[in-house]
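K.L.:
What TrEMBL records for His308 is active site, proton acceptor. The feature glyoxylate binding site is assigned by TrEMBL to Tyr70, Tyr177, Arg213, His308, Arg311. The FMN binding site annotation in TrEMBL covers Pro123, Ala124, Ala125, Ser152, Gln175, Thr204, Lys282, Ser306, Gly365, Arg366. Taken from TrEMBL, the feature compositional bias 'Polar residues' covers 220-232. Taken from TrEMBL, the feature domain 'FMN hydroxy acid dehydrogenase' covers 44-416. Residues or ranges marked as region 'Disordered' in TrEMBL: 211-236.
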Amino acid sequence: MVSHSGTGYHGRSSISLHIFESSPIRRHCSTTRNENIQMDKETPPVENWLNLDEIEDVATKTVSRKAWGYYYSASDDKISKYRNTEAFRSIQLRPKVFIDCTNCDLSTKLLGNPVSLPIYVCPAAMARLGHPSGEAGIAEACRSFGALQIISNSASMTPEQIVAGATEDQVFGWQLYVQSDRTKSEKMLARINKLEAIKFIALTLDSPVSGKREDDQRHGNVNNTMTESSSEGGLFEHSENNAIKPEHQTEDQVFAGMDPSLTWAETLAWLARHTALPIVLKGIQAHEDAYIAMKHRSQVKGIILSNHGGRSLDTAPPAVHTLLEIRKYCPEVFENLEVWIDGGIKRGTDVVKALCLGARGVGIGRAALWGLGAGGVDGVKRTLESMKQGASTKIIRMLLTHLDSSKRRDEDLYASAWRGTCQRPWTTTCKST
Ligand SMILES: Cc1cc2nc3c(=O)[nH]c(=O)nc-3n(C[C@H](O)[C@H](O)[C@H](O)COP(=O)(O)O)c2cc1C
């Protein structure tokens, strides 16, 4: 069962979960944390990094201040960033007993593509700020875990470079920020269409304007108000063999190009004319939009619930709240679209909670960058290993032995989240035994 310490939903337009007050956060409450870090030369060996916070700590001491500022930052007071993690921690699990879970299998399918983990790496710009192996380094780590990776429109390497070492079964998505000059996006899409390893387009919608990221500004990052949304479109129009050097970005480039005029009616039809790849909408933050996305299911095959790691609009809801909203108000979305989620995922328990609530894919953003910054490819592997291990043991504890839809018992997924709750506030698919 999943329960909340608060009162649950109070109506369609006024959602109040009241789950933050009772969620002690070990460490993410200070907005100034890490700003005066002393560089520690004695980095512990990779095998000693036990969890994502420890890996972030190592990275914090390892990467440049510029990289740290860019990766760590979030909009305004970083309330959404912190709440992303708090929201997961405030949800409780109630495992069931007496079900044979000898064989625990984390493999599943994402958009029909077999993957070994439900955990994927989110699109994130400028991986080479953290480590020279960049996005290709993340791809290498994902390869050894059978994990899916979404390549950012603003990656610091070309998509061709990133997928160059892909194995036949490796799965990538490519994230798009639509440009006002549509021909630029169309040219990129034409390139992406040729890359077999890229199986879908993730269209990011949550950042039409920049968030104010003060850590980034304070550390003199690429420029004072860098955003993925503005930077990741026109700026990163790299030629096929020409990677972007993050340090070469200019203010003009960063603000150039983003199309603020995207709409349900026009943009999806435009996109469909330029790619036959499945479309996933990234940045859904309200059940109403999830529902509309479902209505466009002839083009849209999935949605990613995300507030951009709190980097876009501060106080936007944690994605797991949006997940709960969808369960309550339009659960049919789960039948018609794949629902993925990102933001604040730090532990295997977070992954299991998201899965229990109906998500199929669970994304990590900063965690992969911190892994990369801390230890290059090995650091990302360690990050994935830690998440995999955490999720496996928790899944065994939750008695969810299979995630693959053909094998998994949906009743177990949902019922172990809900069964036994006193209020059963989200009963739509709950079956009691
Ligand atoms: C440094 C950084 C760069 C990012 N760049 C992109 C991007 O290029 N495109 C995009 O859609 N999202 C981008 N994101 C958002 C992530 O895809 C993801 O939604 C978010 O990081 C998840 O939250 P988490 O960092 O708490 O895991 C970026 C996030 C970070 C931290």
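Numbers here mean position along the shown chain, with the first residue as 1.
Positions of Cβ are set from backbone N, Cα and C atoms, glycine also.
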K.L.:
Using all protein chains shown, find which of the binding-site residues Pro123, Gly365 scores highest when you count other CB atoms within 10 A of its CB.
P.N.:
Pro123
K.L.:
Could you state the whole-number distance in Å separating the C-alpha atoms of Gly365 (FMN binding site) and Tyr177 (glyoxylate binding site)?
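P.N.:
Between the Cα atoms of Gly365 (FMN binding site) and Tyr177 (glyoxylate binding site), the distance comes to 17 Å.
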K.L.:
What span in Å does the FMN site cover, taken as the longest CA to CA distance among Pro123, Ala124, Ala125, Ser152, Gln175, Thr204, Lys282, Ser306, Gly365, Arg366?
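P.N.:
Comparing all Cα pairs, the maximum is 17 Å.
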K.L.:
How many Å separate the Cα atoms of Lys282 (FMN binding site) and Arg213 (glyoxylate binding site)?
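P.N.:
Each residue's Cα considered, Lys282 (FMN binding site) and Arg213 (glyoxylate binding site) end up 20 Å apart.
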K.L.:
Counting distance between Cα atoms, which of the binding-site residues Tyr70, Pro123, Tyr177, Arg213 is nearest the residue listed as 'active site, proton acceptor'?
P.N.:
Pro123
K.L.:
Need the DSSP three-state call for Tyr177 (glyoxylate binding site) to compare against my parser.
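P.N.:
In the DSSP reduction, Tyr177 (glyoxylate binding site) maps to coil.
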K.L.:
What is the interatomic distance between the Cα atoms of Tyr177 (glyoxylate binding site) and Ala125 (FMN binding site), given in whole Å?
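P.N.:
Between the Cα atoms of Tyr177 (glyoxylate binding site) and Ala125 (FMN binding site), the distance comes to 12 Å.
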K.L.:
Restricting attention to the domain 'FMN hydroxy acid dehydrogenase' (44-416), give the mean pLDDT.
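P.N.:
Mean per-residue confidence for the domain 'FMN hydroxy acid dehydrogenase' (44-416): 86 out of 100.
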K.L.:
Out of the binding-site residues I have (Ala125, Tyr177, Arg213), which ones have their Cβ sitting under 6 Å from ligand 1?
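P.N.:
Ala125, in sequence order.
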K.L.:
Measuring Cα to Cα, tell me the gap between Gln175 (FMN binding site) and Arg311 (glyoxylate binding site) in whole angstrom.
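P.N.:
Here the two Cα atoms are 17 Å apart.
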K.L.:
Between Ala125 (FMN binding site) and Tyr70 (glyoxylate binding site), how many Å separate their Cα atoms?
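P.N.:
Ala125 (FMN binding site) and Tyr70 (glyoxylate binding site) have their Cα atoms 10 Å apart.
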K.L.:
Check Tyr70 (glyoxylate binding site) against DSSP and tell me helix, strand or coil, would you?
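P.N.:
Going by the DSSP assignment, Tyr70 (glyoxylate binding site) falls within a helical segment, counted as helix.
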